[in-house]
Amino acid sequence: MSIATGDFRSKVTSSTLLDKKSKHDPITCLTAYDYSTARLVDEAGIDMILVGDSLAQTMLGYENTLPVTMDEMLHHTRAVRRAVRHAFLIADMPYASYHVGGRESVRNAARFIKEGGAEAVKIEGGENRAALIDRLLDAEVPVVGHIGLTPQSVHRMGGYKVQGKTIRDIEQLMRDATALDRAGVVALVLEGIPREVAAMITAEVETPTIGIGAGPDCDGQVLVFHDILNLTFAPPAKFVRRYADAAELITGAVKAFRDDVKTGSYPSDDESYHLPKEAQATLEMVQNRKHAMRK
C-alpha cells in the first residue's frame with residue numbers, strides 16, 4: 001500500500017521517475033536537511049528530496065562539502081525521513097565514505113537505507129564508480145549518479161568550474177553517463193556542464209537526468225533549498241533562481257521580536273496565562289504570609 005499525503009498523492013518511486021522521463025514530465029528535486037524543511041518541501045509536491053552533503057555549508061558552516069561525516073549525514077537523513085511521505089528520498093554519501101574499499105563502502109551505503117530511511121544514495125564520479133555501483137545494487141542499495149562538476153573533487157578540479165567544454169571532456173562525460181546508465185543508476189545528476197552536452201546525455205541514456213547548472217533539457221532539475229530562498233551568505237551561482245528573500249523576512253521578524261521585548265510590548269496581557277478568579281484569593285493569602293514572615 002502506498003503512503004499518501006493529505007491530498008492523496010501517490011508515493012514517488014524509482015519506477016515513477018522512469019515513467020516521468022518516458023512521458024516528458026519534468027522531475028522536481030530540492031535539498032532538505034531537517035524535519036520542518038522536509039515537511040514543507042514534501043507537502044509542496046516536490047518529487048525528490050536530497051539530503052545533500054551541501055549541508056556541510058548550509059547547516060554546519062564549512063567552506064565546502066568535504067568535512068561532513070557519515071554520522072552527521074545519517075543524523076540529518078533520519079530527521080528528513082520522519083517528515084517525508086510523498087517524495088523519493090536520496091542521501092548523499094559524504095567524501096571518503098565510498099572511497100575506502102568495496103566492503104566498507106557497501107556497509108556505509110547500506111546504513112543510509114537501514115538507519116537513515118533513504119531510498120537511494122548518491123555518489124559522485126563516472127565510469128570509475130561502475131564496479132562499486134554493481135556491488136551496491138547487489139546489496140539492494142539503489143544509487144543516483146553524479147557527474148560533471150562534482151563538489152567533492154573541488155581540489156582536483158581547481159575550484160568550482162564548468163566541466164565538459166573540450167572535445168576530450170565531452171567524450172569523457174558521455175563515457176561516464178553511459179557507464180552509469182548501464183550500471184543501473186535510478187537517476188543521474190548532471191552538474192555544471194553546458195546545456196548542449198546535458199541535452200546530448202539526456203537523449204542518450206535511459207535513466208532520468210537531473211540537472212543543476214546544466215540547462216533546461218534534462219529530465220528534471222534540482223536546486224539547494226537555501227539558495228532559492230536567499231538563505232546563503234555567498235553570491236549565488238549563475239544557475240540559481242531566487243524565489244523568495246527569506247533572509248530579509250527572518251531578519252525582520254527577529255528584529256521585531258527584539259524590539260517588542262525591549263519596549264515591553266511582548267508579551268502582552270492577552271499572551272499571558274492567568275489564575276482563575278477563584279484562585280486569586282489563594283495567591284493573595286500566599287503573598288500576605290510572605291509579607292508577615294518578613295516583618
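Cβ atoms here come from the backbone N, Cα and C positions, even for glycine.
The active site, proton acceptor annotation in Swiss-Prot covers Glu191. Glu191 (active site, proton acceptor) falls within a strand when secondary structure is assigned with DSSP.
The annotation 3-methyl-2-oxobutanoate binding site is assigned in Swiss-Prot to Asp53, Ser54, Asp92, Lys122 on the grounds of sequence analysis. Around the Cβ of Lys122 (3-methyl-2-oxobutanoate binding site), the same chain contributes Leu50, Gly52, Ile90, Ala91, Asp92, Met93, Val143, Val144, Gly145, His146, Val189, each under 8 angstroms and 6 or more positions distant in sequence.
A 10 Å cutoff on Cβ-Cβ distances gives Asp53 (3-methyl-2-oxobutanoate binding site) a total of 28 other Cβ atoms nearby, all chains included. Marked as Mg(2+) binding site by Swiss-Prot on the basis of sequence analysis: Asp53, Asp92, Glu124.
The two recorded residues, Ser54 (3-methyl-2-oxobutanoate binding site) and Glu124 (Mg(2+) binding site), show a Cα separation of 13 Å. The two recorded residues, Glu191 (active site, proton acceptor) and Glu124 (Mg(2+) binding site), show a Cα separation of 10 Å. Each residue in Thr31, Leu50, Val51, Gly52, Leu55, Thr65, Met73, Ala91, Met93, Pro94, Pro151 lies on the same chain as Asp53, Ser54, Asp92, Lys122 and has a C-beta within 8 Å of the C-beta centroid of that 3-methyl-2-oxobutanoate site, without being one of the site residues.
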